[in-house]
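Take a look at the structure below.
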Amino acid sequence: MNAFRDQSNENLENNVTRLLDKLIASHDRRIRPNYGGPPIEVNITAHVTTISAVSEVSMASSEPSKDDYTLDLYLRQIWKDPRLAWESDVEDSLTIGIDMVKTIWTPDTFFPNEKKSFFHEATSHNSFLRIDSHGNVLRSIRLTVTANCPMSLHTFPLDRQECALEVESYGYSTKDIIYHWHGTNAVTIDENVHLAHFTIGEHYHIERTISLSTGNYSRLTAYFMFKRNIGFYLIQIYFPSSLIVVISWVSFWLNREAVQARVAIGVTTVLTMTTLMTSTNASLPKVSYVKSLDVFLGVCFFIVFASLLEYAAIGYLMKRNRSVPAASPVQYYETGDGVLKREASRKKSRNRRDSSMKVDLFSRFAFPIFFVIFHIIYWTYYINQ
């Protein structure tokens, strides 16, 4: 029984070998299928297994800034080559080694927005080729692609980024090859894909034709949405800067004569705010426009600096009060009916003495109200962008 089974397997192997030799012998890999006829249709599917990095800036100061993202994916290409069809009495379909790829025609697919990419070869080349009896060819490849992703950081760190992955033929125009996404779920993302600084949103894909100097080309584009997680920036930037602003208001409640304490609070908060702004911008992209984070830090610095100027204004008022001469003695005068009345004393000196106290009272309410209103406007505007 075993001998019969071994003989049957050997016969099947010999038949498959003769079939492959026959297909290769009658096949010219230099010529596309249906040459001289209608363009060949190549259907594409992509399954993303890992998105390892979404970078808007290079941390090394010697390197230029970069907008890119890296993903691992299984890319599958399906097309029909009538030259590879055979009678189905041998096998309905065959899965063939990677060496067969060098002997048959395959699409010259590439990624136009790719910065760098590589195939996986551990422990062997991660790809396979499958052909059925009707001449339908399926090629699957595992690869890692780092693609360009121009980012708009006007609303950073409350931004949402849309990154694209483009697929196109390098040399064949639409007269020879037309690409299609294979079905409505042609692009899928593994459920275990997670990023530390971004939340992966919806993705969609489109088909289009682009015009270049060498002709019209069929291009497929898959778009991936990334929403930045704000938790890190709330803890490291927004909350500390808001706390510094609140600390600067402590001087409004101190005695006007406590010069050292009020000046120390004002100068310390200004320097702390300056240090926070410098350290924050050192790790961010060097862009020529204002980001939402710049707006927040700029307003916080303005409030802290205004708190310091507030005490400078009080000091000026107190100095003016000391230079004002004392009010004239109280005098009485007799009216026509013989009634004595007190002459109105000069009240300007008293008003000047009270003006410094009025400035502090105003600041205790005006500064917090302004900061709360700014928070409401800031978060409402940028979250809805």
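Note that the numbers count up from 1, one per residue, in the order the chain is shown.
Cβ atoms are placed via backbone N, Cα and C, with glycine included.
All TrEMBL annotations are machine predictions without curation.
Look at TrEMBL and you will find 17-229 tagged as domain 'Neurotransmitter-gated ion-channel ligand-binding'. Summarising the annotation, TrEMBL assigns domain 'Neurotransmitter-gated ion-channel transmembrane' to 237-323. Annotation comment: TrEMBL describes 230-254, 263-284, 296-318, 361-381 as transmembrane segment.
By the count of Cβ pairs under 8 Å, the stretch nearest in packing to the transmembrane segment (263-284) among 230-254, 296-318, 361-381 is 296-318. Sorting each residue of the domain 'Neurotransmitter-gated ion-channel transmembrane' (237-323) by its DSSP state yields 73 helix, 0 strand, 14 coil.
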